[in-house]
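Student: Structure below; questions to follow.
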């Protein structure tokens, strides 16, 4: 098992021993974290948009609950219709409250995203500085290696010309001294770049551990945020149904016979119909019925 964090990698385009300046793995991690931050922003925007929809729906529903509905009705049906409007108002208020709760959850997500951003910023600045230092020292080392190797070739060439030039002894001495100086410089640069590499590797491991922790926290936070959002939606359905249940209970108490009798008792004008219209002869003063008198019982009410 690797001793490094799971997010620790160098990237497929470079091998750790091929080029010390390669940052392919680190760049891949940073891209992954940036994509995660973008996901947080997308979920945040989604929840804010849903909250706006809920708020608009709540306001429209509240306006609807104020409209006239059964104003001229009476008795149990009127009570049921009044309850219907009242609970519609309550449903609208519950949606308004849910919209506020959604905005609060979106705010928490925004704060979480900014908190991670600030923590990452410090680590990324530190790693960028180490990458520049590592790259600079690596270049210096490679330049000194190139110069050292060139001096080695110069010395070999001088050794080959030892029998062809009477001044070769002095030349050989100069080349030897120069070679020793370039060798020491190259060797010192290798030691220095080794120290820089060790420091970078130690900090890179710390960065990867922190980035992995952030990734786990982000995934868990997003999962819980969406879960909470769904719970809010489910609870809204339960709340709405409970409010509508009050209307159903009121409708169960709505008695058709009672409402009819209530109207009759309230608006009745008598239990006898008007008498027949009689014919009256202007000259004789005699009256004769035009039709047979109706029964004294009122006609039945058709329901």
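Every residue, even glycine, has its Cβ placed from backbone N, Cα and C.
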Student: With TrEMBL as the source, which of 87-130, 131-174, 175-218 is set down as region 'Disordered'?
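Tutor: That would be 131-174, per the region 'Disordered' entry in TrEMBL.
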Student: Under TrEMBL, the annotation region 'Disordered' belongs to which of these stretches: 260-281, 282-303?
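Tutor: From TrEMBL, the annotated region 'Disordered' range turns out to be 282-303.
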Student: Are there residues at least 6 beyond the ends of the compositional bias 'Basic and acidic residues' (140-158) whose Cβ is under 8 Å from a Cβ of it, and what are they?
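Tutor: Contacts with the compositional bias 'Basic and acidic residues' (140-158): 168, 171-172, 175-176, 178-179, 182-183, 185-186, 189-190, 192-193.
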Student: Treating G and I as helix alongside H, and B as strand alongside E, what does DSSP give for the compositional bias 'Basic and acidic residues' (140-158) in helix, strand and coil?
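Tutor: Result for the compositional bias 'Basic and acidic residues' (140-158), in helix, strand, coil order: 19 helix, 0 strand, 0 coil.
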